[in-house]
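Structure first, then comments.
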Ligand code: KG4
Ligand code: ZN
């Protein structure tokens, strides 16, 4: 079995995965959403301190599996340097004390492999990764061959939801809250611009849309619940229309046989429905992660680690470090 640790942002999570069967034997995650919500976003130093409390608490529950472990896996990039470090310190301590090899896992590969938890991997696949830190389309050929086809020029899809929620004083994380408000609102109440709609470029951008929402909020004298719902609905419509315009362009150029949406923001119902429709139109097989594995978790890190274990991709303890300069793969 492999014990995997995830601490790249505000979720402390540990999983144990059976190497042969790929069964998820143990999985636990402690989220810090409540502690960060008062700040309207993740405060890195607070997140790191909370990992120091949460990770050992979870690890205690795993002690009965220690004798069956063959490797320790940990997320090393991308993520917040101070929080990644907490996972890496724990992984190194376990590696030395239990005499086990270390596996360094890329968080974005983790999101892609969240599709294959307790399953065989099915690659090649075109993948849309939408999270708090990323908005990317990736051509995933195999574990070690992943090419970015399109990416954001500024902010990410998930982060724009977080910012809109913050501007409306709705709490953190913004994605689920804005989606909930949007359900009660009129999506045509505000005419927010769809980013890059006139550009032939296949890329994403959210800074202009965020700014348009900010100006609409400033123009309102009284932010009633109805106005907040209308802003959320109109914003969500523009944000999803933007992704869909670019995805349609990509599909038109070359419709993939297999397509997936992964990452925390792939939980967005509006986006899921639009993607489902597109895939049906092009007879593309659509893959979605289970909702509980969309946001950050150690189960997806463990699933990547199984593949790396089979390739014997280990990192010596003195070489394992956070790779804070790595922004993608
Ligand atoms: O993958 P994830 O857990 O962490 C990162 O690696 O960033 O993604 C978290 C992001 C947050 O920005 C959150 O607001 C967004 O995913 N999110 C959503 C939804 N649920 C979570 N965004 C839009 N709609 C949702 N339903
Ligand atoms: Zn993530």
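Yeah, the Cβs are placed from backbone N, Cα and C, and that goes for glycine too.
Note that the structure is a prediction, hence the values are computed from the model and not measured.
Summary of the site annotation: TrEMBL records Fe cation binding at 107, 111. Screening the candidates 296, 321 against this entry identifies 296 as the one listed for that site. According to TrEMBL, the residue from 268, 297 that belongs to the substrate site alongside 129, 130, 131, 132, 133, 162, 175 is 268.
The binding-site residues near ligand 1, defined by a Cβ under 6 Å from one of its atoms, are 131, 162, 175, chosen from 129, 130, 131, 162, 175. For ligand 2, the neighbouring binding-site residues among 130, 131, 132, 162, 268, 296 are 131, 296, by Cβ distance under 6 Å. With a cut-off of 8 Å between CB atoms and residues at least 6 apart in sequence, the same chain places 6, 8, 9, 10, 11, 13, 29, 107, 264 near residue 296 (Fe cation binding site), listed in sequence order. In this view, residue 107 (Fe cation binding site) is surrounded by 25 other Cβ atoms within 10 Å of its Cβ, with every protein chain counted.
DSSP assigns residue 175 (substrate binding site) to a helical segment in the three-state reduction. Counting only same-chain residues at least 6 apart in sequence, those with a Cβ under 8 Å from the Cβ of residue 162 (substrate binding site) are 40, 41, 132, 172, 173, 174, 175.
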